[in-house]
């Protein structure tokens, strides 16, 4: 009877993961792992994507869908080659809510911007500029991307470029440079003008508030006495402080009026230290306990502990047992590493599909969630322009 009873799962998240039903509230259990989007998210796609955390088949379907979108980019023959890239980026953002290395989003960003960076058609396209800005948000230092856009005159007519660039520079405490970037966008009449002017006014308010705070801090500190280790107050400060203490201390009134703070005081003399010095009486010099202090000796006598001659340390040998090493003992300690054949076959199939996609596509890197994409993502995060030609930085 006890064997037939089922153990009730108290954790609601574990209970949901063990179940196969779709409640429509999957995002409630994984919302701390969802990267927010400015345009919002589709709840249906979000729930389906989060369900793939517990369903291996759903995850394989997502990877297969991503592969199809990448192939569609290479096979596109329409008038707007940027549109399949935008569609793929939006789908990856929805289907892989946490983002991360396995999503391949950073690699898609890099290949999209590298595909059209020299195209005159898309230099002023707002969609293309937003891909650049989203790519910059995922990198360790976005300043190199903003400088690249400035050199190649990409997005210079849009206010969102100057706002993002200036806010990034302001975050690095380069207020003067950020102000110059705002003024550059205003002088170029970047659109929309109202958005740029509003962002610049907010920037000036933050700058003035920061300068006022810096000016008020020294005034507040001047009212307090500055005390630090190893420093002494001046004589005037000491006298003023004594007078202030004397006016509030009732015992100070009992002092004589002619008594001054500069009255000399007697120095305490230790009788024992006087006997050890040369001022001791003649009767004490004859005592035997003081003879060692009077006879200091020469330099060789005082430094005899530092002048010992070197000696051999190998005069005594510790007996040791010989160590016998046999080949049989070494071979017996080895063990076989377990290999999952089913997992290896799946990886071989994905690698075969990957190779087929590589042969059919020369512009898009196939993404299968392997180690290569994780490594490439980390390299791009540190150096986002690593695949760009050197002449792309020249004006």
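Using N, Cα and C of the backbone, Cβ positions are placed for all residues, glycine too.
Under DSSP, the residues of the region 'Necessary for kinetochore localization' (59-206) split into helix, strand and coil as follows: 104 helix, 2 strand, 42 coil. Per Swiss-Prot, region 'Necessary for kinetochore localization' is recorded for 59-206, and the stated evidence type is similarity to another entry.
What Swiss-Prot lists as domain 'BUB1 N-terminal' is 69-224, and the listing cites sequence analysis.
As annotated by Swiss-Prot, motif 'Nuclear localization signal' applies to 118-125. Tertiary proximity for the motif 'Nuclear localization signal' (118-125) is limited to same-chain residues at least six positions away from its ends with a CB under 8 Å from its CB atoms, namely 82, 152-158, 392.
Under the heading region 'Disordered', Swiss-Prot lists 210-263 (among others).
Annotation comment: Swiss-Prot describes 245-263 as compositional bias 'Polar residues'.
The annotation region 'Disordered' is assigned in Swiss-Prot to 342-395 (among others).
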- prompt: What average pLDDT does the predicted model assign to the domain 'BUB1 N-terminal' (69-224)?
  reply: 89
